[in-house]
Each structure stands twice: as structure tokens, then as C-alpha cells.
Ligand SMILES: [Zn+2]
């Protein structure tokens, strides 16, 4: 037996469930066979022109134009699409191709600033990761067969080369492109060019400082949040992937400038990554500024749109009121959708999207990241619908997928919003009782009572390895703290005003 240190959820290394169930073959549907990337073949110029004309006509008909009063940007590197993790690996960059085909077919690009971001540099990747890890990632040779095949305990350096995180051809390029797009999104938020920045190629929330994990090698989210922290005093990270957002939580464990909130399936013995219990709320030591700044919402199979939306809105409204974030990083992992190859929830595109809509309505600058999602046609539906939410068009566009959409036959149903019956036949048994959801809300409310109303400067130390922060942010935090102090004094001088939170 391996001894576990109960104080730190991250020391739990055994028994750690593999991200991939090892009987994965049982789960493979017909699509996994056709999803291997093949060069798509370029359409002729005439075909391309005809397509663009149709899209333009569509965009005109439905008035898909830039939203009034705010700016949305789309950060996408098409070169990511051509990578593949291996024939049977569930992570299919092809889902990005499908997402792009829907976003384009609905003419949404006319409503956004579209960027083709460069790949992140070595220095940018090492704002979070260690140099020796990134060095290794950049130089290691591809391994055609995962090292844990026929060898249950292989010696995996940095957890690389097994079936979860295989060493595929072009791995480093793939990682730096994902990181580059998310970083570009963060920069556009920082310089106020965008109010909402979308990076569907990012959201790889499991990657650790010196370790790959759960299909994630480079934590583009952490790198992007570090960028946001240069100008934003507090960043709220929200994760609606079916897996716990452990990498991001761990990276910001000791700071009160980032609060992380993860909604996920929790079944520590069998479901990856095995962390994220309700009671895990950051460091146990109250003197650590990060105490109470990690919120975990552990769920069971079969949760419905109605329950999820209620939980999300109840919790996020309280978190926002207390923490007062200046920016939001929203990981929109689509493996929480019904019909996912790995996830087992009953969420529909509408329910998943309702979380995005709620965040958007808060009016706080936001990055929307991708994440997990292993049934590509449903991933594409969710991310296209959520792009439509970002530009305020989701109620306007027709749910029938436009005729001119590339790969339209790959969506199985021709609607953007299939019903639970269309996806699953029978919904999965819902194992989330109303009592359990009430208990979660109660626990979160109690945690939030410990959180200082917007952190004061003395509690806003950020660990040196989180990179430099600008003077102006420090200055602003100091001013805020002074202002709060004045307000407190005013309150205390008043008569009959409660001096507590
Ligand atoms: Zn996931």
C-alpha cells in the first residue's frame, strides 16, 4: 500500500485511475475508425468561391454581424488539426476541424475578429512549466507504440509515452500551437481589444508544471491566466469539463488572486484524475492565501441540464459576488455532454451552453477555452453553439445545420441541438439526488464565508514561480485595500451597522 498524505490531494499518486479506461474497445463506435486524420484535399478555387458566396448569403440573411458594444475574437491555428494521438486514442484534433466547419458555415466569422496565432515560444511555455520538462518535450523522439502496452509499470519520464499521453509525431508543435492560441486570447483581453476571446484548441487543464497528464502536455490555461494576472487583480477560473480541473487548481493553489471552480464527475477509485472532492478547497493552512480559493463540485453520472444549470448559477453567482473577479477563464470541456465517449452525464448542448451564457451576462472580460470532448460531432455542436452565444446569435441562427456545411454528413442528425433521445435513446440513470446538490451548495456557501471580500494586499502574494506581475496591479490592489480599510472605519464609526461580513 502506498501511504497517502491526506493534506494534499495532489500527492495522491496511487491508486490513480488512468484517464483511458483500459477496456476502451468496448466503447469504440464506428467513428473512431474513420477519424484518423487524412489530408483533406484542397477544394478547387471555384468550389471555394461558391462556398464563400453561400456563407455570405447565409450571414446576410440571418444578419450575422459584429455584436453591438463589445468585441469577440476567435483564436485558431488550423495546423493543430492535422495532428493525431494514435489510431485508438480518443483525443481527436479532428473535432477542431468539425467545430470550425460549423462556425464558418453559420457565418460566425463575420461577427468576430479572427486571429491565426503564432505558436508559443519556449520562454512563453516556461512561464509555467519547468525548463527541463519543456526541453524534453521539444526533443524527445516520437514513440509509435505506447510504452505501457504489454508493460503495466513502464518507467515514464514526465509521465510521457504511455497510452494516456503518447509521444506522437509533431507533439511539441501541437502543444506550442495550443499554448500560443490561448496566450494570444489572453493578450487580446489584457489590451482590451477583446471582451470575449475564444480558444477552442486550448483548455488542456490536466497538465502539471513538470508532468503530462490526461491527454494534456502543456497547460495553456495556466499560461493564459498568468498573462491575465499581469493586468487583472483577480481571475476566476471555471471548469465544466467532466473531469476535475486539477492542473489549474494545483498551479494556483497558493494564491488568492485566482479562484478555481470545477464541476466534474467524482469517483476517486475509478474516474480520472481522482481528485476534486467537495472538501478539497485549497491549502488547509489558513495562513496560506490560497486557502478556500479552490471550489469543487463533485457530481455523479446522469446529471441533467436543469440540475446542472441550477448548481452552476447558484454557485457562480455567490463566487462572483464574493471574489469580484476582473476576468474569467472558462474551460468548456465538452466531455460533460450526453453521448460522450468517456463522460456519462445527460447534458445537452443547450444546458452546457447555458453556463457560457450565464458567464457572458456577468459582463466580465472572458476567455473561453476548449478542453475534453470525445464524440467529435457533439463537441463541434457545443463549441459552435457557444461561439454563437458569445456573439449573441444563438437564438437567431437556425438549428438545422446549413446545407453548405463541410462534413455535414458527419453530424449524424442534421440539427445543431439534438434531443437526449436522439443522442442516447434512453437517458442515463441520474444518480444525483436533490439532497446531494443542496449539500454541495451549502458547503460552497460556507467556504465562501472564509474568503475575504476581495483579497487585501497582504494576502495577495503570488508565488515567485508564477511570474512577474506588473507594478500597476500591485498598486491597484494596494489602493483597493486602503479603500476597504476606510470603508471599514466608516462602518465602525456608524451606529448599529454590522462590522462583520
Ligand atoms: Zn475531460
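FYI, residue positions are counted from 1 along the chain as it appears here.
Cβ atoms are placed via backbone N, Cα and C, with glycine included.
TrEMBL names 241, 243 as divalent metal cation ligands; from the candidate set 150, 155, 335, the record adds 335 to that same site. When the candidates 164, 256, 267 are compared with the substrate site entry in TrEMBL, which names 214, 374, the shared residue is 164.
When the ranges 448-474, 475-501 are checked against TrEMBL, the one recorded as region 'Disordered' is 475-501.
Summary of the divalent metal cation site environment: with the site residues 241, 243, 335 set aside, the chain residues having Cβ atoms within 8 Å of the Cβ mean position are 205, 242, 264, 333, 336, 342, 343, 371, 372, 373. The 6 Å Cβ screen around ligand 1 retains 241, 243, 335 from the recorded positions 164, 206, 214, 241, 243, 335, ordered by sequence position. Counting every protein chain shown, 25 other Cβ atoms lie within 10 Å of the Cβ of residue 214 (substrate binding site). Here the CA atom of residue 206 (active site, proton acceptor) lies 11 Å from the CA atom of residue 241 (divalent metal cation binding site). In this structure the alpha carbons, written CA, of residue 164 (substrate binding site) and residue 206 (active site, proton acceptor) are 11 Å apart.
Overall, the recorded substrate-binding residues 164, 214, 374 cover a maximum inter-Cα distance of 14 Å. Reported as a whole number, the C-alpha separation between residue 335 (divalent metal cation binding site) and residue 206 (active site, proton acceptor) equals 14 Å.
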